[in-house]
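The S-adenosyl-L-methionine binding site annotation in TrEMBL covers 25, 27, 52, 73, 98, 131. For 32-214, the entry in TrEMBL reads domain 'Ribosomal RNA adenine methylase transferase N-terminal'.
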């Protein structure tokens, strides 16, 4: 039985249809499934968190290769069907919940906490692998990049346009690309046709890999104006202050994307425009540059210069 017929048979058994509201588009292309697994590069010691497992086609392949798979499914009916489909896979834990409610970030330090016991497994190293519903892709990525214990890597299926924005380079940067690239290096592995799903969505998708996570951010925290010389790692409160400062400047820079960066920063940060232009020159940037033309490293250098004004 091919994947499409498998889905239809199981959905009929449980008397429900795929929900457009929940973005339930099931992967039916085995070549794409194989590409996700190859990119994940799983070992028998890996713990995997899967979000939105649907009816378990990807989950089965993860369970064959990883030590533990924790699958979080929001749809109650889908979770019930999933338990039957995966009843022979003893290393799979199914949690019926909305991932954005199951885990949340504190306002200070962006520390991820979990409400249920099985999620305590994720205090160790884990990989996040998911075919994400389009409507939660950005909040999920942000949530797991900001957590105190981020995944070793993320391998995600997301909307093609969102993937391109996340992986953009100057001069096509956006606040989204800066927000992700501050924490990690995203890379588009391959594009996926909408025909690879059932029901067929209106847009194409892409497989992206996000790793290594926190490497560039840690370098920024170590060299930023606020330093901790006596500790090997940045403490949560001070790192939170530095992150907040970085993104305050970035958000100000992108506040009016068509305007010059100096104008936006001067207006939002209440700093004299000539001083900002000098800071840009000191960073090796043109005074008339727009926010979309700065790399994350440029933003880090500019952050340091503006901190002294």
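Glycine is treated like the rest: Cβ placed from N, Cα and C.
When each of the binding-site residues 73, 98 is scored by how many other Cβ atoms sit within 10 Å of its Cβ, 98 comes out lowest.
DSSP assigns residue 52 (S-adenosyl-L-methionine binding site) to coil in the three-state reduction, placing it in neither a helix nor a strand. Residue pairs drawn from 25, 27, 52, 73, 98, 131, the listed S-adenosyl-L-methionine binders, are separated by up to 20 Å at the Cα level. Taking the Cβ of residue 131 (S-adenosyl-L-methionine binding site) as centre and 10 Å as the limit, one finds 26 other Cβ atoms among all the protein chains shown.
Counting every protein chain shown, the Cβ of residue 27 (S-adenosyl-L-methionine binding site) has 20 other Cβ atoms within 10 Å.
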